[in-house]
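A quick write-up on the structure given underneath.
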Amino acid sequence: MEGGAYGAGKAGGAFDPHTLVRQPHTILRVVSWVFSIVVFGSIVNEGYLNNNSGGEKFCIYNRNPSACSYGVAVGVLAFLTCLLYLALDVYFPQISSVKDRKKAVLSDIGVSAFWAFLWFVGFCFLANQWQVSKPKDNPMNEGTDAARAAITFSFFSIFTWSLTAALAVRRFKDLTFQEEYSTLFPASAQP
């Protein structure tokens, strides 16, 4: 383990984008961000079809507007959450208090686990509604690739958010070790 990686020893340094981009949790956040764009973009662009009898639109997932609304809402909110935590990743090296760092990492654990759960629910919901969709509702198979893409990237998002939570747990353990080490050996903790 690299000494002082999470404590006050490296806080306040200059922003290094190269180091930020190489961190696994940052890479996973960017991937999750892209996946959320694919999910809500697919549903917004091709998730609604025109009704044959009138100009009214309906959701491609078994004519269930809740399925499309859930997919768009989770996608947009995940997009915003990724941006928020990317900003926290940029700001994290500037936080000098171990207690504040622990709070940030604990929130990362909770939020990432929550989003993994929401994506699991979204995947199950969209896949179920897609499975029970009637072919007569979409005889020309319009938007089927977009609907499948939203389902697929919802599935992938479960793993990216779960891995982000796992990395945050590891980060929390490193912070806890750093805090305990600084408490036990205050003279050697100073650089």
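Numbers here mean position along the shown chain, with the first residue as 1.
Cβ from N, Cα, C; glycine included.
Remember, TrEMBL labels are computer predictions, not curated facts.
Here the structure is a predicted model, which means the values were calculated and not measured.
Annotation source TrEMBL lists domain 'MARVEL' at 20-173. Residues or ranges marked as transmembrane segment in TrEMBL: 30-49, 69-88, 109-130, 150-169.
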>> With Cβ-Cβ distances below 8 Å as the criterion, list the same-chain residues six or more beyond the ends of the transmembrane segment (150-169) that contact it, or say none.
In response: 24-25, 28-29, 31-32, 35-36, 38-39, 42-43, 47, 71, 74, 78, 105, 108-109, 112-113, 115-116, 119-120, 122-123, 126-127, 130
> Taking every residue in the domain 'MARVEL' (20-173), what is their average pLDDT?
Replying inline: 92
